[in-house]
Amino acid sequence: CLCFFSSRSSAKLIAPLGCLAPRQKHTLPDLPYDYGALEPHINAEIMQLHHSKHHATYVNNLNVAEEKYKEALAKGDVTAQVSLQPALKFNGGGHINHTIFWTNLSPNGGGEPKGELMEAIKHDFGSFTNFKEKLTAVSVGVQGSGWGWLGYNKEQGRLQIAACANQDPLQGTTGLIPLLGIDVWEHAYYLQYKNVRPDYLKAIWNVINWENVSSRYATCKK
């Protein structure tokens, strides 16, 4: 909304506290492929539940938390603002992480990256095989629920592997720019791979969208 203040000599456009533009609500992004497109590596039932139920829940809860936070801000209620931080981090992280994850996957994925990304992987990890083994091991080793990530350390100018618990967003919690995320929450694989996380991680490399990862790498280096 816009608030105007007028006087005999001038009319000034001002935006006092409490006069805020309507907030755009977060929405569930469409998948760039059909639910069954990643089969046999990730089946359609998993993809449908993961996207339309789990990710949708993060989006809905994030909108609710942001609305409550907006009210707390308007009231100057710092206690309420602080108490809402866990919900914002969890649901906001869930939305951020999954939005990246869907684009990191493709029915035409797999194989190895090319160009600058491949050169960077060889430089920072010795070889693509070493990188793949390291990210797999880090992802397998996540205790409980979380994510394995390939990120870019802008300060050091290098690629880095990290694990995040629950839905902690990579950049917001480590400073690394996310390039490739692997969801190791059980809802990402249990219906197909049961409790054998290593089998899921072996399969997911067949649908990694290296074009997307390379594009993210090129963007963050600018």
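Using N, Cα and C of the backbone, Cβ positions are placed for all residues, glycine too.
Where the annotation comes from TrEMBL, it is an automatic prediction and has not been curated.
Residues or ranges marked as Mn(2+) binding site in TrEMBL: His50, His98, Asp183, His187. Annotation comment: TrEMBL describes 25-106 as domain 'Manganese/iron superoxide dismutase N-terminal'. The domain 'Manganese/iron superoxide dismutase C-terminal' annotation in TrEMBL covers 113-216.
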Within 8 Å of the Cβ centroid of His50, His98, Asp183, His187, the other same-chain residues by Cβ around the recorded Mn(2+) site are His51, His54, His55, Phe101, Trp185, Ala188
The mean pLDDT across the domain 'Manganese/iron superoxide dismutase C-terminal' (113-216) is 98
Ordered by sequence, the long-range same-chain Cβ contacts of His98 (Mn(2+) binding site) under 8 Å (at least 6 apart) are His50, His51, His54, His55, Tyr58, Asp183
Lowest 10 Å Cβ neighbour count of the binding-site residues His50, Asp183, His187 is held by His187
Taking DSSP H, G, I as helix and E, B as strand, the domain 'Manganese/iron superoxide dismutase C-terminal' (113-216) contains 54 helix, 24 strand, 26 coil
For the domain 'Manganese/iron superoxide dismutase N-terminal' (25-106), the DSSP residue counts stand at 58 helix, 1 strand, 23 coil
